[in-house]
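Asks: Attaching a single structure in structure tokens format; questions to follow.
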Amino acid sequence: GESLWNEKNLFTGCVDVPLTEKGVEEAIEAGKRISNIPIDIIFTSSLIRAQMTAMLAMIQHRRKKVPIILHNESEKAKTWSQVFSEETKNQSIPVIPSWQLNERMYGELQGLNKQETAERYGKEQVHEWRRSYDIPPPKGESL
């Protein structure tokens with residue numbers, strides 16, 4: 001779904017920005033579209049917009065299982081988020097966040113306006129930074 005920075009035409013990358021109201025609506029609509037597809041587990045990035053999208057989409061599913069984020073970042077987090085009821089587990093769907101699924105790190109482009117950046121560096125250069133597998137944005141990540 002659309003994030004607050006998408007709405008403002010800003011490069012987001014790894015910055016943790018929530019969904020807009022439109023993004024929430026998009027996530028719900030996506031959930032309706034996949035509501036009949038069997039889903040046993042959900043993997044998502046650690047970014048809140050991805051987790052919000054996954055949760056909102058899953059609550060539209062016909063099986064009505066409750067999405068539960070499994071916190072695996074530490075032993076304590078894993079222990080504290082544990083569910084002990086088998087009945088509740090059977091009515092739940094695990095959501096596993098992983099930073100390795102986060103959006104590409106856009107480096108010094110993060111937070112910049114996309115249009116202004118294209119005017120400053122040229123559309124071709126910005127396109128290359130955004131779409132190239134081997135040419136990263138300034139101090140950013142290549143794919």
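Cβ atoms here come from the backbone N, Cα and C positions, even for glycine.
Pasting the relevant annotations from TrEMBL:
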{"type": "BINDING", "residues": "T12, G13, R49, E103, R104, M105, Y106, K114, R130, R131", "note": "substrate binding site"}
{"type": "REGION", "residues": "122-143", "note": "region 'Disordered'"}
{"type": "COMPBIAS", "residues": "122-133", "note": "compositional bias 'Basic and acidic residues'"}
Asks: Given a separation of at least six residues and a C-beta threshold under 8 Å, show me what packs close to R104 (substrate binding site) in the same chain.
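Replies: The list for R104 (substrate binding site) reads G13, C14, G140, E141, L143, given in order along the sequence.
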Asks: Tally every other Cβ atom lying within 10 Å of the Cβ atom of Y106 (substrate binding site).
Replies: 22
Asks: A 10 Å Cβ contact count, applied to the binding-site residues R49, R130: which residue has the minimum?
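Replies: Result for the binding-site residues R49, R130: minimum number of other Cβ atoms within 10 Å at R130.
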Asks: So for T12 (substrate binding site), how many other CB atoms are inside 10 Å of its CB?
Replies: 21
Asks: Given the substrate binding site residues T12, G13, R49, E103, R104, M105, Y106, K114, R130, R131 in the record, what is the largest Cα to Cα distance, rounded to whole Å?
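Replies: Roughly 22 Å, rounded to the nearest whole number.
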Asks: Which three-state DSSP class does Y106 (substrate binding site) fall into?
Replies: coil
Asks: Could you give me the DSSP helix, strand and coil counts for the region 'Disordered' (122-143)?
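Replies: Reading the DSSP string over the region 'Disordered' (122-143) gives 9 helix, 0 strand, 13 coil.
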Asks: Any idea what DSSP makes of R49 (substrate binding site), helix, strand or coil?
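Replies: The residue in question, R49 (substrate binding site), is helix (DSSP, three-state).
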